[in-house]
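So the structure is just underneath, and the comments pick up after that.
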Amino acid sequence: MSTWANLGLQDSASPLMEQLIFFHDHALLILVMITMLVGYLMFMLFFNTYINRFLLHGQLIEMIWTILPAVILLFIAFPSLRLLYLLDEINEPSVTLKSIGHQWYWSYEYSDFNNVEFDSYKIPTNELSSDGFRLLDVYNRIVIPMNSQIRILVTAADVIHSWTIPALRVKVDGTPGRTNQTNFFINRPGLFYGQCSEICGANHSFMPIVIESVPVNYFMKWISNNVNS
């Protein structure tokens, strides 16, 4: 989750989010280089007194400043396209999770297991424990096995919602009457926080999401306890 004075991206918890951060840094480096070059040229134009009364055309410089931006765009486009196809690829999932958006809470169903479903409400401030996060903690967390391919199906029961976890690079719109899907892979244990990133009504109050990433044996124990109960 974000902390105070965190001006960059959150630490990644999945390989694809790590690749997105690498691509962000790659594109930012190119932008900084372009900005410095253009700034230097403008500075030199403003503060020098060189003139050329007989300059009518400059095919060479025009060819350079046409070809060079095209080459720079290729250096951005190829990694971007590679990443785009990687984000769309859904491998064989180990667990399928269904998320249903309501005003203003989430319902979850573990489709691979019998009778494992629950609602996840935000914990009010007056009921929050001393180590909880205001407007981010929920009563029932999603428990997910780490190092496993997870497929999530997102829909909504009333208006458009958006299931978003920044650390996992997941942002899926939940639309009534339609089911969208994506996948993610968590490569470390921990708690990961997110929120609905749509304005889904007048009293919209964050609709927080909390994922608890645990080893597979803990996940199987949690599933068996919930199925039996």
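For all residues, glycine too, the Cβ spot is worked out from N, Cα and C.
Marked as domain 'Cytochrome oxidase subunit II transmembrane region profile' by TrEMBL: 1-91.
The domain 'Cytochrome oxidase subunit II copper A binding' feature in TrEMBL is assigned to 92-225.
If you look up TrEMBL, you'll see 27-51 (among others) marked as transmembrane segment. Using a Cβ-Cβ cut-off under 8 Å and counting only residues 6 or more beyond its ends in the same chain, the transmembrane segment (27-51) has close neighbours at 72, 75-76.
Here TrEMBL flags 63-87 (among others) as transmembrane segment.
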Across the domain 'Cytochrome oxidase subunit II copper A binding' (92-225), average pLDDT on the 0 to 100 scale: 90
Three-state composition of the domain 'Cytochrome oxidase subunit II transmembrane region profile' (1-91), taking helix and strand from DSSP: 63 helix, 0 strand, 28 coil
The domain 'Cytochrome oxidase subunit II copper A binding' (92-225), counted residue by residue under DSSP: helix, strand, coil: 16 helix, 63 strand, 55 coil
